[in-house]
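Per Swiss-Prot, these features apply:
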type: ACT_SITE; residues: Glu338; note: active site, proton acceptor
type: BINDING; residues: Glu338, Asp362, His529; note: Mn(2+) binding site
type: ACT_SITE; residues: Asp362; note: active site, proton acceptor
Amino acid sequence: MKKYPKIGIRPTIDGRQGGVRESLEEKTMNLAKAVAELISNNLKNGDGSPVECIIADNTIGRVAESAACAEKFEREGVGSTITVTSCWCYGAETMDMNPHYPKAVWGFNGTERPGAVYLAAVLAGHAQKGLPAFGIYGRDVQDLDDNTIPEDVAEKILRFARAAQAVATMRGKSYLSMGSVSMGIAGSIVNPDFFQEYLGMRNESIDLTEIIRRMEEGIYDHEEYAKAMAWTEKYCKVNEGEDFKNRPEKRKKREQKDADWEFVVKMMIIMRDLMTGNPKLKEMGFKEEALGHNAIAAGFQGQRQWTDFYPNGDYPEALLNTSFDWNGIREAFVVATENDACNGVAMLFGHLLTNRAQIFSDVRTYWSPEAVKRVTGKELTGLAANGIIHLINSGATTLDGSGQSLDAEGNPVMKEPWNLTDADVENCLKATTWYPADRDYFRGGGFSSNFLSKGGMPVTMMRLNLIKGLGPVLQIAEGWTVEIDPEIHQKLNMRTDPTWPTTWFVPRLCDKSAFKDVYSVMNNWGANHGAISYGHIGQDLITLASMLRIPVCMHNVDENEIFRPTAWNAFGMDKEGADYRACTTYGPIYK
């Protein structure tokens, strides 16, 4: 089991001894226990373990008890806090003052004791001290002996906890750049100030010659390599596609392709070891290499220097981003193609919020209904009727994105790893063809994964962009994968690279200018790449972004569903403008 941060639960109480405090002790502690149970029963970490909550040893009525609670939370590895109360408490004495913890306060809506009054008072204190907190207040009054958590309160607690756990999990980890800037792509000009100040992360970097050194000096688990090759032969190499993209003089011979398979399998093992380390290497005498870089996310430059000379990174990237490999079902890694760290961060956000594999894609083409009709003679229908966006990547997309995993009703899904079945794994592998890489672009060869995503999956496309003078901003577009007429797909796909994986995406339209039509979504997208997560997670992303002080510049989430710190209300009634002003005022957490 990995070690994850915990969520601290702070039961606060009216400190007046002699009747008041005593009458509230049991009620207040029961609320804290209910919150802890709600979180642990509903939220999991990436390895499937329940998110653990730590409750203060006793209720908090005066500042000494606040300090004792803070000391315990530091000792126990807490990364965020939720304060709960059913009554009046002393605001500045009982509040959480840790500047790095995301924090929320639930004030019980009851008439016997003024929990709502404390909530308002302590939130004013948080705003005044520059320590934004999320206020949680139930819509309906509850009786004093009712310790159940209303549905609206539970939703906010879980939304906060999900995002707060993501913030805490990132803190102290690394982003590993394997290589440097790819083809001048701005997202791969990695900005260490952003990672340090906004995410609390380090930046690690290796030259790609390190991969070759480990290959040539045998610095990898040779037993695992044999196992990996046997698995690859059985499930991937058997699905090697026809080499139709390359001219005869550029096609590699069979023995060269066999060598490429061996090469890319070693690449994957080494890239994983670089990210997270491998105790097996210590047994082999490579103590330094065994450590890894403590990377929660990484990027692989590939183009051009590597791919002009060596097999490309499509196979290792695709499988690292997938929820399984030769060692079985596991948590997906986060690896950004072309070392686009901005997209890698968006993938990391999606992964930490959902525990699912993330799709990395070029946001390649908007196809209008008129253009499709002109090119194919056929019309788009259903969800695709207003046009589609072609999401496609150079063969390095997670195999989970094929949509071959099915839920109980037979619908395509991308599952958390603990819900994946062996049948799901085999279906994803069977649906994936590994085409020899197009050597006009990838001179060194390699193999690109190819599949067509199943339609009907709810997904969220997102992107982090860095803007000079402004800082980071986040874009969010909820929508669906769609299936189109096979003849339409064939003709459109042949106009790009048919050896690469395709996802046809339709955003949910609304009255916001960037979402008035599908074209506007494409036209307002801030970069060439997007990260795509299963599910409509825009609400969670907005909550997470507010914790990190990253304004959201584009989204199609219902404004009534947005949950940000209460202090954001002081920055005006226009939610987007208030978000920008609040993020600018408070600045990054770790600066």
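Numbers here mean position along the shown chain, with the first residue as 1.
Each residue, glycine too, has its Cβ placed from N, Cα and C.
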Subject >> In the chain carrying Asp362 (Mn(2+) binding site), residues 6 or more apart in sequence that have Cβ under 8 angstroms from it >> reply: Leu391, Ile392, Asn393, Ser394, Asn528, His529, Gly530
Original post:
When you measure from the Cβ of Glu338 (active site, proton acceptor), which residues in the chain that are at least 6 apart have a Cβ under 8 Å away?
Top reply: Ser182, Met183, Ile185, Gly187, Ser188, Gly299, Phe300, Gln301, Gly302, Gln303, His529
Original post:
Which residues, in sequence order, are found in the same chain with Cβ within 8 Å of the centroid defined by the Cβ atoms of Glu338, Asp362, His529 at the Mn(2+) site, excluding those residues themselves?
Top reply: Ile185, Gly187, Thr337, Asp340, Asn343, Phe360, Ser361, Asn393, Ser394, Asn528
**OP:** Taking the Cβ of His529 (Mn(2+) binding site) as the centre, count every other Cβ atom within 10 Å, in any protein chain shown.
**Re:** 26
Original post:
For Asp362 (Mn(2+) binding site), which DSSP three-state class applies?
Top reply: strand
Subject >> Mapped DSSP class for His529 (Mn(2+) binding site), helix or strand or coil >> reply: strand
